[in-house]
Amino acid sequence: MKFVDSASIFVHAGDGGKGCVSFRREKFVPKGGPDGGDGGRGGHVWLRTNRQLTTLLDFKYKKKYIAVRGVHGQGARKTGRDGADVVIDVPCGTIVRNGETNEIIADLTGEDQEILIARGGKGGRGNQHFATPTRQAPRYAEPGQKGELLMLNMELKLMADVGLVGFPNAGKSTLISVISAAKPKIADYPFTTLVPNLGIVRYEEYKSFVMADIPGIIEGAAEGKGLGLQFLRHIERTKILAILIAADSPDIADEYHTLLGELEKFEKELLDKPRLVVVTKMDIAAEDLEIPTLEEGVRVLSISAVSGQGLKELKDELWREVSGRIRAAEPLDESLG
């Protein structure tokens with residue numbers, strides 16, 4: 001499936017139905033009063049998150065979403081039926097902006113979250129509402145109000161707990177394929193990963209976390225080189241970054257600081273996230289390899305996705321960080337105090 005993380009759509013809520021001009025006509029009531037019913041409300045347009053969706057691909061093919069107008073009022077005080085609502089499913093992590101002002105309308109991060117994005121027009125009132133002692137036979141009714149219409153710009157930031165960051169061929173795709181159910185394309189050449197991949201890592205029974213693998217970053221990514229920069233927003237919501245560096249790197253320390261520099265140029269706040277350095281491909285490492293201390297307080301783990309070396313320790317460390325931040329984000333139960 002093609003990965004699409006931005007799209008623009010046009011939404012138009014339904015117009016309200018017209019109020020009715022009608023007069024009561026019965027055999028023994030030759031001059032009945034006004035009995036025109038109200039028009040129905042136009043259909044609303046809603047956005048709803050769907051955890052099964054991971055891309056905005058659908059919106060490349062369908063760009064207009066128009067709700068049904070309300071039914072016009074009828075005689076005998078009959079109110080028209082409301083127009084049917086339109087519900088648009090989007091992935092969790094979708095940011096919705098007003099296409100004209102670029103103002104953020106919604107940041108949809110919750111599961112099954114719904115937001116009313118365009119309100120249907122109210123139905124017009126029938127002529128029964130306009131009778132007065134001096135005007136007992138009004139011959140007019142209200143038209144229905146127009147439904148809201150707007151252009152929406154949508155941007156997807158994937159919802160993941162752990163973000164994998166590294167140069168091309170650092171072993172990110174191999175790692176996520178080994179410790180999760182994700183099946184990314186893997187090959188021994190740079191830029192095999194062209195789009196982000198998500199994988200669910202099963203830690204223990206009833207415990208799991210989501211890992212995101214983005215295309216490799218190269219030096220100069222902040223100036224537009226390579227593929228990784230355009231996908232860096234997909235790690236902005238992660239709880240921890242795993243910086244992957246291959247054991248056969250010419251200079252592990254230099255590669256680490258280069259990666260941090262590119263992250264800082266893209267979004268300085270990314271450096272505020274906790275991070276872990278993972279030296280990969282230890283199965284092909286030189287026997288005399290010495291892994292330097294890269295930064296105070298930043299742990300360095302050595303792994304091999306091929307032999308399995310260090311994978312349990314890595315999962316333990318990632319789960320400890322992820323679960324700790326989940327607990328920290330939960331509101332305190334004041335009744336326990």
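Glycine is treated like the rest: Cβ placed from N, Cα and C.
Copied from Swiss-Prot, the annotated features are:
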DOMAIN    1-159  domain 'Obg'
DOMAIN    160-323  domain 'OBG-type G'
BINDING   166-173, 191-195, 213-216, 280-283, 304-306  GTP binding site
BINDING   Ser173, Thr193  Mg(2+) binding site
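Other C-beta atoms found within 10 angstroms of the C-beta of Ser304 (GTP binding site) number 21, with every protein chain shown included. Of all Cβ atoms in the protein chains displayed, 24 besides its own lie within 10 Å of the Cβ of Ser173 (Mg(2+) binding site). A separation of roughly 9 Å, to the nearest angstrom, links the Cα atoms of Ser173 (Mg(2+) binding site) and Pro215 (GTP binding site). The number of other CB atoms found within 10 A of the CB of Asn169 (GTP binding site), across every protein chain shown, is 21. Confidence across the domain 'Obg' (1-159), taken as the mean pLDDT and rounded to a whole number, stands at 92. Of the listed binding-site residues, namely Lys172, Lys281, the sparsest CB environment within 10 A is found at Lys281.
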